[in-house]
C-alpha cells in the first residue's frame, strides 16, 4: 500500500448522488448551437435531453450556413443542420460568461457538411483567450467530416473567449460549443491544461456513452481489440464522491486478454515525442470470484513498472500516472501483466488520455477587459478587430487600443484608448474610469454630450486628454488640475462656459511641476488648454484676422507677384538651364509642366519647370514655394530653391532616386518588387508627412492631392510627400471645413468633398486610404477591365468573400503576414468610410500602421527563433528599420 500511495494517485468512494443531481439539472452547462437563428426556440437534443441555445448573443460576426446533407451522419448524436462561418475579419471570437477559477470541460465541434458547396475542408487556428489551443483541419473522418476539440481548463477570469483565426484561404466555421463544470480536485496537471486525446471504455457493444449517464457529459467511445475478450456485469458498481464518476455503462464492462497468459496491452500515439501525457486508468472487479481465484497484475507504462494491483470488487478506482509521461518516438503504451500469484488474467475497464497544453500568455487585466467591453457595449463600437482579448496576442490587438505588455506572465494593461471619429453619442461613460493605467484618452470628433464627468479624476496616470469637437457642456472642471501627470488637454469645439479654473492656470504658469518622487519637471511639461473662453475673446480674434486679411489683400493688389522670402534660395533662369544641362533629361510630365533632372553643386536635383500654358500656374507655384519655405519635415520633399523671373518659373527639389510609389507598384519602374515590410514602412512615412501638415503646420494644411504618384522614394526607399500646389490652410477651433472649388485627382477624391465642396483634413485621410489600398493590392485605382472598375468597389466585393489572398498583391507571392495584412486592410477601409466623421485622423493612421509593422516583425522573429532553436550555437538577428526592396 505504501508503494501504491507513492506511485499512483487513487480516487475511490461511493457514488455521489448530489453530484449526479446537479449535473442532470445541467447546472453550469453552456450549450451553444452555432448558426441557430435567434428567433427559433432552443433545441432539445432527444438522446441526451440537453438544451442547446442560439449563439447569436455570444458572437458579433459570422453568417449562418446550411448543411447540404447530414442524413448519413451520426456524429456524437448532435444536430447538424446549420453552422456559423466567418467570411470577414481574421479573428472572430465567442465571449462566454464563466466563473473565475472554475475547472471546465470545454468542447468545440466542427462539422463541415459541404455547406458552401466547395467540397473544401476548412483549416484554421483555434484560440482560447490569447493563447493558441490547436490548429483545426476539418477533414473526412469515418464517413463524416467532423472534428471535435476538447480541453479541461481552469478559467483565469469571468470571461472566456474562444476564437477562430483565419490562417489561409478557407473560411473558419463552427457547429457547437459546450462547457461543463468539473470538480476542482479532478483532472489536475502540475502545469497547464489537459487536451483530450481519447475517452475509451472497453467493450464491443458499439454504444457511445455520454450525458445523462455521464454526469459531466464526457463522451465515452467503445473500443475493443482482436486479441481481447469482453466481460461485463449487470450488477451496479459503486462510483466516486471526489469527482471522476464513470458512468455505470462504462465501468460495468471490461476487457481481458483472450490468451490468459498474455499481457493486456493498450497503445496510443502522441502528436509529438515531446508531448507530456497523463493516463487515467479505470478499474473495477466485475466478476464474482471464487475463493481460490485471484486477479493481480503489474502495471507498466512505457516499460516503467508502477505497481502490483488488485481491482476492488464491484467498486471503481481511478489510477492516475503521478507525473506527465513522455513517449519515445511518439508511441505510448500501458501494459498489464498478471503476477505469479494471479490465477486470472489482467483486466481494464476504461482509459482516458490527455496531453498537457501550456497557455503561457496572461489575459489582459480582468477589470480592464470588463471596462473596455462595457465601453464597447455602451457606444456600440462595431470595429471588426474589437473581439477577444483587447491586448494580446499583439497581432490581434484592438484598433485604437494600446497596451503595456511587460511579459507573458504579467497581465497586460490598457494605456491608450483612441475612439476619435467613431460616431459616439451620449455622455462620457463612467466605465472609462476603470482603465486606471490610461496615459492617453482621445474621444475627439464625436457627438458626446453632458459635462466632463468627475469620474475622469480616477485616471491618475493620464498624460493627454482630447475631448475636442464634441457637444460637451458645463464648466471646465477644476479636478483636472489634480491629475499630476496630465500634460495636454484639448477642449476646443465644445459648448463649455466660464473661464479656465485658477488651479489649471497655476499649473500652466508654473515653471516646475512636482511629479513622482518629489522631482520637478521642466517647463515643457506644462498643461496646454485650448478652450472657448468667452464671446468677447472670439470677437477680438475675428476682428484681428479680418484686419490682417485685408492688409494682405491690399498688399496683393499693389504687387502683382509678391516677393518670396529667403531670397538666398532664388536662382536665375540661366542657372536653372545650367543645372539641367539645357533641360536635357526629362523625369516626368504633368499639367503643371515638366520635371527635369539636374545637378547643383555636384548634388542631384529635380527641377519642375512651369508650363506657360498651365491655367493656374503661378497661383499654385506661389502656394508650393511659400509652403515649402516654411515647413520642414523628414517625410516632406525638401525645396532647394526656385526661379521667379518673368514667365520663367521653376522649383528645385531634392532628388529622389527611386521615383514615385506608383511606378513600383505597377511594375513600370522595373527592378525588384517592394516587399510587405517595405510597403508598410512607406505607408508609415507617408502618413507621418500628412500628419505633419495637419497638426504640425501653423496654420494646419490640407494637401488636397494625396496619391501614389506624389509619394516619392529616396535611395533607401524612404518616402516623402511631394507636390503641394493644391494645398490649402484651414483654421483651428470651431471651423470644421473650408469651402473651396474641387481640385485633386479622379479616384482619390473624397466623395464628401466632391459633393459639398467642403475641404477638411479628413479629405486627405480618404485619399491616403486609396493609396493604402494600392499598396496592399497592387491594383490601379481605376481599371476598366475589372468587373468593379473603382478600387474601392473592387476591394469591397473581394472582402465579401473573406479571402485575403485574393486581395493581396500577387507580386508578393504570399510572402506576408496574414495578421498584419488584415489589420492594414481594415485600416484602409476605415479611411475610406463615406462619412468623414467616422474616418480616423492621420495620427491614429500612422500609429495603426506602426502596429502592422510590429506584428510582421514579431511574427518574423518568432519564426527565426523557432528555426534557430533547432540548431546549436547562438544566432544574432538584426532587424533593420529600413525594409529593403526585393
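Cβ from N, Cα, C; glycine included.
DSSP assigns residue 593 (ATP binding site) to a strand segment in the three-state reduction. For 587, 588, 589, 590, 591, 592, 593, 594, 595, 608, the entry in Swiss-Prot reads ATP binding site.
Around the Cβ of residue 49 (N-linked glycosylation site), the number of neighbouring Cβ atoms within 10 Å comes to 11. Under the heading N-linked glycosylation site, Swiss-Prot lists 49 (among others).
Look at Swiss-Prot and you will find 69 (among others) tagged as N-linked glycosylation site.
According to Swiss-Prot, the N-linked glycosylation site annotation covers 232 (among others). Remark: residue 232 (N-linked glycosylation site) has 203, 252, 253, 254, 286 as non-local neighbours, by Cβ distance under 8 Å and separation of at least 6 in sequence.
A coil conformation is recorded for residue 236 (N-linked glycosylation site) in the three-state DSSP classification, outside any helix or strand. Cβ neighbours of residue 236 (N-linked glycosylation site) (same chain, under 8 Å, six or more residues apart in sequence): 248, 252, 314. The N-linked glycosylation site annotation in Swiss-Prot covers 236 (among others).
Feature annotation from Swiss-Prot assigns N-linked glycosylation site to 259 (among others); the stated evidence is sequence analysis. Reduced to three states, the DSSP call for residue 259 (N-linked glycosylation site) is coil.
Residues or ranges marked as N-linked glycosylation site in Swiss-Prot (evidence: sequence analysis): 292 (among others). With a cut-off of 8 Å between CB atoms and residues at least 6 apart in sequence, the same chain places 343 near residue 292 (N-linked glycosylation site), listed in sequence order.
Residue 434 (N-linked glycosylation site) carries a helical DSSP state (H, G or I). The N-linked glycosylation site feature in Swiss-Prot is assigned to 434 (among others).
What Swiss-Prot lists as N-linked glycosylation site is 447 (among others). Less than 8 angstroms from the CB of residue 447 (N-linked glycosylation site) sit 423, 424, 425, 470, 471, each of them six or more residues away in the same chain.
Under 8 Å, Cβ to Cβ, and six or more positions away along its own chain, residue 458 (N-linked glycosylation site) finds 433, 436. Residue 458 (N-linked glycosylation site) falls within a helical segment according to DSSP. What Swiss-Prot records for 458 (among others) is N-linked glycosylation site.
According to Swiss-Prot, the N-linked glycosylation site annotation covers 471 (among others). DSSP assigns residue 471 (N-linked glycosylation site) to coil in the three-state reduction, placing it in neither a helix nor a strand.
Within the same chain, residues 415, 420, 428, 436-452, 454, 489-504, 506-507, 527, 529-531, 736 sit at least 6 positions outside the repeat 'LRR 3' (461-483) and bring their C-beta atoms closer than 8 Å to a C-beta of that stretch. Here Swiss-Prot flags 461-483 as repeat 'LRR 3'.
Summarising the annotation, Swiss-Prot assigns repeat 'LRR 4' to 485-507.
Feature annotation from Swiss-Prot assigns signal peptide to 1-23; the stated evidence is sequence analysis.
Look at Swiss-Prot and you will find 550-886 tagged as topological domain 'Cytoplasmic'.
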Rounded to the nearest Å - Cα separation of residue 589 (ATP binding site) and residue 259 (N-linked glycosylation site): 92
Counts of helix, strand and coil residues, the repeat 'LRR 4' (485-507), according to DSSP: 6 helix, 4 strand, 13 coil
Residue 49 (N-linked glycosylation site) and residue 259 (N-linked glycosylation site), distance between Cα atoms, whole Å: 42
Cα distance (Å, whole number) from residue 434 (N-linked glycosylation site) to residue 49 (N-linked glycosylation site): 42
Cβ neighbours of residue 595 (ATP binding site) where a neighbour is any other Cβ within 10 Å: 21
Euclidean distance between Cα atoms of residue 434 (N-linked glycosylation site) and residue 593 (ATP binding site), Å: 58
Per-residue pLDDT averaged over the repeat 'LRR 3' (461-483), given as an integer: 92
